[in-house]
Amino acid sequence: MTVLVEHFTSDSRIEEKKMKDERDDEVLWDGGLVVSKSKEADGFDAPDINFLGHSFRDYENGASERQKGVEEFYRMQHIHQTYDFVKEMRKEYGKLNKMDMSIWECCELLNNVVDDSDPDLDEPQIQHLLQTAEAIRTDYPKEDWLHLTALIHDLGKVLLLPEFGGLPQWAVVGDTFPVGCAFDSANIHHKYFKENPDNSNPKYNTKNGVYSEGCGLDNVLMSWGHDDYMYLVAKENGTTLPHAGLFIIRYHSFYPLHKAGTYTHLMSEEDREDLKWLLVFNKYDLYSKSKVQVDVEQVKPYYISLINKYFPAKLKW
C-alpha cells in the first residue's frame, strides 16, 4: 500500500527532542506543553494538499460544494451540542443495547458510512481505518496496541446507521469540544456557537464552567459523537488496550486541544502523558488519507489477531 506519509524515527517509544537547534521550532502552549511548530521538526514530512487538491482541514474554501456542506454541518453541531444533550446521549448509548457483534464485524459495517464533516475524505470509512493503521504499523512495528487503536478509532461512526438510531451527522462526526464550559475561539466556525443555549448560560459560559482547573479530561463531558461512543464501548466491554489507547479513541477529534493547544487548563498529568501518543497518532489519522486503497483480505489476519488479543470475541454496542 502507498500512503502519503514519511517515517518517524522511533525505538518503539516517543522520543523527546534533544538537539539544541530544534528549540527555535518549538512553541509553548498555554498549558505548558511544548510542541513542534512544523511537521518537519519531528521527522514527519506530510503532504501540503489532500487528494482533492485543497489544504488539509481547509474549512474556508467556499468555492467547493463539499466545503459549504461542511460549514453547514458545523453550524448545526455548534447549535445543538449542549451539556444536557450530551448527558442524555451518554445515558442512552451507555446502555450498550443496540447490537452484539465483533470488532471486525463492525469494521465491515462501517463500509456503509461516509463522513460528511471531513473535507479531506470521500472514501468509505473502512479504507481510512486501514490506511491509518497500516501507516502506523510501518513506522511503529512493535506498538501493536497502536495499530489496533488506529483500526478501531472511528468505529463509533456506526451511530449514523439505522441499526444504531440513525443519528444526524452533527451528533456523530466532526471536531469535538468540551461542553459545560466556554466554547473556545479555536473551535472551527466558532461564530455559530452564539446560537447554542449554553453560550448564554452563566453556569456554562465561563472558562472553567462546571469543572475545576486540572480536574482531568476523564471528568469532562465532550460533545457527543463517535469518539465518546467508541470509548464507552471499548471501556465497558473490558478491553485490555493501554490507557493511552482509550485516550486516543476518545480525543482524536479534539482538535482545539491537540492542534491549537486550548483547554489544557482542564488536563491532569496523566492526560499530558497520554497526549504525547495522541499527537503521534493524529498525524497518521490526518495525513494518511488517500485514494490508494488497502487490500482488506491481505491485512485482515493480522488485525484479527490483535482484536483477539485486546478484546472479547463479541462486544455489546
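Cβ atoms are placed via backbone N, Cα and C, with glycine included.
Automatic, uncurated: that is what TrEMBL annotation is.
Annotation source TrEMBL lists substrate binding site at ARG57, ASP115, ASP116, SER117, LYS157, GLY174, ASP175, HIS252, SER253. Less than 8 angstroms from the CB of SER253 (substrate binding site) sit VAL173, GLY174, ASP175, THR176, GLY225, HIS226, ASP227, each of them six or more residues away in the same chain.
Summarising the annotation, TrEMBL assigns Fe cation binding site to HIS128, HIS153, ASP154, HIS226, HIS252, ASP285.
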Report summary line: Whole-Å Cα distance, HIS252 (Fe cation binding site) to LYS157 (substrate binding site), is 13
Query raised in the report: Reported as an integer number of Å, what is the Cα distance between LYS157 (substrate binding site) and HIS128 (Fe cation binding site)?
Result: 12
Report summary line: Across every protein chain in view, the count of C-beta atoms other than its own within 10 A of the C-beta of ASP285 (Fe cation binding site) is 22
Query raised in the report: Which one of these binding-site residues has the most other Cβ atoms within 10 Å of its own Cβ: ASP154, ASP175?
Result: ASP154
Query raised in the report: If one looks at the chain holding HIS153 (Fe cation binding site), which residues at least 6 apart in sequence have a CB under 8 angstroms from its CB?
Result: LEU129, THR132, ASP227, MET230, ILE248, ILE249, HIS252, PHE281, ASP285
**Report entry** Shell list (Fe cation; ref centroid = CB of HIS128, HIS153, ASP154, HIS226, HIS252, ASP285; cutoff 8 A)
**Finding:** LEU129, THR132, ALA150, LYS157, ASP227, SER253
Requested in this report: Across all the protein chains here, work out how many other Cβ atoms are within 10 Å of the Cβ of HIS226 (Fe cation binding site).
Outcome: 28
